[in-house]
């Protein structure tokens, strides 16, 4: 700004010492002249801009931030109503009720998350039963009878049935995602991570998202995709957390009228993190892992009480799952049933110090494979984003993946001649035993890997004796699963990456174990199972780059701390190796979705970027007393979710931007909306209409954002005045112009800010013009939002860090 | 096989009142407070030993259920009796049940009982073959073989009879155990004949077995499984009657599907690539934003337009609004 360091005469305001009439004339003639000049300037600039836009917007960079994401609102608007609330006699009771209800809601979150998890599990179980035990078994046995004496093969009917079944279920999942709730696609962990980071992802925790996600994931897992239900479980848990705590549903349009005190983003964030923890707990039977997951992946904001409540939710949820599943499996009341993806208990837990280097080697392999996976999947997702964008195209892609997954499984069984005599693997259950093309009395070991749910395959790879799977089986199975997972992750069905990655890793880990056993035949006690476990941890760690929570989850899912050290070492090495190449899968997907997420640390090499470069200067501000017509026009033509309130806005004689007065406060769009809705106008000097009790915690709900026309404002209404002062937040966060980017970043990240106002720090003014001195300090100069901070990204090129500025894509 | 079922049980039944048991206790220690209980322990030891002997005798291959059920019943019956010795007291006035089962440090007898029950009987899944209707009080527990076990045995015998018909008479018994040294070259020569003639019986047997084996929650006990495994081994490997399923017959169908799917995939992505990607996005770099234009510029400026300004300063005197419109 050019006016920095210079005394500015405010030609558009009245001087208190001046005669009011002459002053008024001065101001009026001034503003008329200026207005004309300004109009000319505006016209010229528009011409210039229209030329510029033709040149600049041709750039085609995928690195951009989408302008459609807004921040969540964590700040209480401490207006007069908020302060007055404390004086009410019922306030003590309210405080008590809130802390009681927090626990009650956490209990409910645990129970409902458990119910959802059990529902998914039971659906998948039945789907498996129908697919393998009824349809395919029937066709196979029919084939067995028919084949006597005929020459035509009939196994292809099995194949067609298999592919057909997969396609039907996957179609259901895809339709739910594409046509009902697009946000339900994929794993959901990136979205929850963003939500907990403070970004309002539209519809991410809605009931319809939850329903689509739960049914969809049951269908995609049942439909034989390389997909896990763990990531979607976490998303479902978060949606349950958000839904239960609000006591109402937008999707259904029901309001139960309970938990009104939690209807704001600040409380909801806490319940969403509790829900995410409960989701992990239900998915893996790992309550501590769940809490750590929320800590590691999500919560930017943390406190001790919240942690304890989250743990409570997580425990209740895994308890609920245990209880329901034990009942479902005919052992009612047996609470030691373990989660949806229990990895089984290792009988042989021995390992020696000389095996540690082997585990480290597994970590290196996992890091490389994980980085490769992330690289390829990111490229594929970019391709999809750009080229496969039509609804039909996405549906067709899902069908294609389903068909190919089924076919490849069948092809593998056909191609690999790994027949094992019945009884070779005592842990194989009878449903896994399939003769296929083997001799009588033998079963196909490959078929036993494919004829079951992925989680059971994990268990077989972990716990089967050394001779149950041939080397070739493991190699082909591993490669196939790697590629299919690569292809599957990112199509429009709810699908997690946990179990597929674990399965891939378990396959090559087991192979590694078998090779070690062949290299050192003299050493007895090599159990390929524990190498399979290490491989699974390495592959998963290489893909998602989680550390502490993954260690805890795997230890809890195997119910053993014995392998704690190797798992930790593996994950540590994996993360180091993987981070040398690229970032974790979820982070890549967040970047591709153009979400303005704020990482743990500010970008390096940004200390000299100051607030005046970060902020936006074209602030739509309000004065303390505004005409309704202007407010309506602002609400109609902008999408901003909040507006600063200043004591005056003046046309600047020098620039096209106006000069703002002192920052007096800040008001939310939703609050303005409520004010308009309730007609709190200053007609007769009194505002007779009552405001809702929770006015100071207005939320940006989509239904509040319904069209302004629904308010039915008349022309008379529009000509009224609105006094904003009693309703605004009087002391918003602000920084001076010379604040550095890292400082701003930490403020945003630590406090979960939505807006940060930049004010003048210009105060070396001669004491003779005292009035102007007062005007100039704390003058509003700009506003910083999340996108302004997030657009600065650090990049590493040629071993040096740079700060890049991303584009903002406005749709 | 029935012979095996019956003979040992007959022996056991007759030994229920064995004379040597009546002369218990053999070890009479005058210093032992638990002296009066000794004879019960010894009697218990006898039944345990019988069961152990039977289990070990039938351990290669394990066939405890069909052969030792009577020993098991006896053992269980007497175990029940020892647990209910509430009328017999040791010298320090404890019941013998307490003496036997509440023991300090170790209790061999109860360890052995547990091992026999869980490690041998239950691990062999004997309940799938022999259903015992327990009646421990009056010593009238009755075993019955499950339906599927009897059917399996019938089919097994049919097949065996068939095999016997086409071999020299003594082939049956040695061949129960494969790789038996008694297996003569002539028998092997006969094998192709056996394969052809007894195929339908074998298929029947196998079909029945396979159906139950692959049905979840319905099991055979280990006895039947080992018998069948040995039978399959004999049929497949020793006589080499097994025929592999012919993969080539399905090759055509699989190739067609493979080609179709490959084609679809390639076409889909090629078509998407050619058609898509045309979306122009409006990318803005904030640091290069020019000053606002048009409506936004108007929004930024104060709501106090000239008319409003006038109104603002005269509003104290003139009634508002109406004349403004």
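Any Cβ shown, glycine's included, is placed from N, Cα and C.
Just so it is clear, the model here is predicted, and its values are computed rather than measured.
Taken verbatim from TrEMBL:
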- A:1-15: compositional bias 'Polar residues' (COMPBIAS)
- A:615-683: domain 'CBS' (DOMAIN)
- A:728-805: domain 'CBS' (DOMAIN)
- A:1-36: region 'Disordered' (REGION)
- A:103-126: transmembrane segment (TRANSMEM)
- A:159-181: transmembrane segment (TRANSMEM)
- A:271-295: transmembrane segment (TRANSMEM)
- A:307-330: transmembrane segment (TRANSMEM)
- A:351-373: transmembrane segment (TRANSMEM)
- A:393-416: transmembrane segment (TRANSMEM)
- A:469-491: transmembrane segment (TRANSMEM)
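Outside the transmembrane segment (A:159-181) by six or more residues, the chain places 127, 131, 135-136, 139, 203, 206, 208-209, 211-213, 215-217, 219-220, 222-225, 391, 394-395, 398-399, 401-403, 405-407, 409-410, 491-494 with a CB less than 8 A from a CB of the stretch. When pLDDT values are averaged over the domain 'CBS' (A:615-683), the model yields 82. In the domain 'CBS' (A:615-683), helix, strand and coil residues by DSSP number 19 helix, 22 strand, 28 coil. Recorded stretches compared: A:103-126, A:271-295, A:307-330, A:393-416, A:469-491; the one with the most Cβ pairs under 8 Å to the transmembrane segment (A:351-373) is A:469-491. With respect to Cβ pairs under 8 Å, the transmembrane segment (A:103-126) is most closely packed against A:307-330, considering the stretches A:307-330, A:393-416, A:469-491.
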